[in-house]
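What Swiss-Prot says about this one:
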BINDING   Gly130, Thr131, His132, Gly133, Lys134, Thr135, Thr136  ATP binding site
Amino acid sequence: MKTVKKVNFNGQPFHFIGIGGIGMSALAYILAERNLPVSGSDLRPTHITQRLQGAGAHIFHRQEANNLALFHSPGPQNSSQTVPQVICSTAINDHNKEYQAARDLGYPIFHRSDVLAALIADYDSIAVAGTHGKTTTSSLIGYVLLEAGLDPTIIVGGEVDAWEGNARLGQGRFLVAEADESDGSLTKHAPKIGVITNIELDHPDHYQNLSEVIDTFHEFAHQCQILVACLDCDTIAEHFRPTISYSLDPEKGADYTVSEIIYEQGMMKASVWEKGSYLGQMEVKIPGQHNISNALAVVAIGRYLGLEFAVIADAIATFAGAKRRFEHKGEANGITFIDDYAHHPSELLATLAAAKLKVEGKQYQRSIAIFQPHRYSRTTAFLEEFGSAFSSADVVVLTDIYSAGEVNINHVTGQQVAEQVRKHHKNAYYHPELSSLGQFLLEILQPGDLALFLGAGNLNQVIPEMLSLYREQLAVRV
């Protein structure tokens, strides 16, 4: 287990460098809701920083050393009550002015994972890990516990309408948290219940190979009192021995499994089995077999906590999903617009397969995949896999790569991704610039299309523009 620094929750201030990020803001929100002094910097105001301000956090829209002085009060030099605990993510480097000032002044500096680990230790915690499905699974666990009256604290990597953001502070004994493996900090967490949805090589900026990823998950698994894991992942089935297992395949001998998966009237439906005994039918709003799997993990956890299956199933049936996870953004000119965070080849395959269910269920004419590759390192590592990831789409449009702050040391481009896709797909287009993508898509999209905007970058910003363009066209016709 990695050494976890001691975080002070007894009144010492917190200052977050880059407080508007999805992971940082969730932690800051919980601390502010606990009535702890919280400040942070982010270069531009967003609805996330506005929510933090509403919770009592002080937000600076500049990054400079003076920001650290907000809560500094007279007293013994560097007294625990007079200086802030400075919180950083992996994205913050030594050149950041606030980081430099905190280091030079001897202020305590923590990685955001240290704060999450300390919060996990404060509760009966459920931590959800895995290469894919973390946000949906952790959000759904939180939602089920909330609907069951257990009033959980929730920290996830996406925004959920049920608690109007990416975090909520409850008064119950449970904390549900999304546990990120991307930088190896997963090994700091020791929850009561750990969940592993699947394990694949991702984040090649940190991991050299799958073996290193497995080692990280192994260390996490050993620190969980109860491990819940999916046997549909070959890596898990081969290398892990979960306390509680689940699988979509009844032949794998898992504790929880399903049969008779169907798509009907906009819902995924499946019969659920617990150690060979029939529990009942489960309905899931968010499409795709991978979301049946995510929901099955939630059933396993709910049952372990003593919840009746009917309570769990009723909650699952009303869960609308997290934002940017097959999120319906609107309709215009007979075209349906979907925003999804998929950015790994496996995620793209799963999302586009789910879109096919939607096409059959809603009778859309075509599925149009608009994809923005995310990070140069990931694009380089999975270039060939991206080529074959779009087989379920009728048309593919690719943009240039969203860097996420990386340096392009391998000189990889979106054009190369497009070339790989064209080896497998005859209707693939490359349009690098987002600034003119909306106009380009006007020439491609047709009434009856399902337009899927895919990626973890800023591609989804084009969707409001598209909706506006179609409204303008309609106004001109009228």
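Backbone N, Cα and C define each Cβ position, glycine as well.
For Thr131 (ATP binding site), the same-chain residues lying six or more positions away in sequence with a CB closer than 8 A to its CB are Glu181, Thr197, Asn198, Ile199, Glu200, Asp202, Val213, His344, Ser346. Gly133 (ATP binding site) falls within neither a helix nor a strand when secondary structure is assigned with DSSP, and so counts as coil. Summary for the binding-site residues His132, Lys134: the Cβ-based neighbour count within 10 Å is maximal at Lys134.
Cβ proximity to the ATP site centre (mean Cβ of Gly130, Thr131, His132, Gly133, Lys134, Thr135, Thr136, cutoff 8 Å) flags the following additional same-chain residues: Val128, Thr137, Thr197, Asn198, Asn294. In this structure, Thr135 is the one among the binding-site residues Thr135, Thr136 with the smallest number of other Cβ atoms inside 10 Å of its Cβ.
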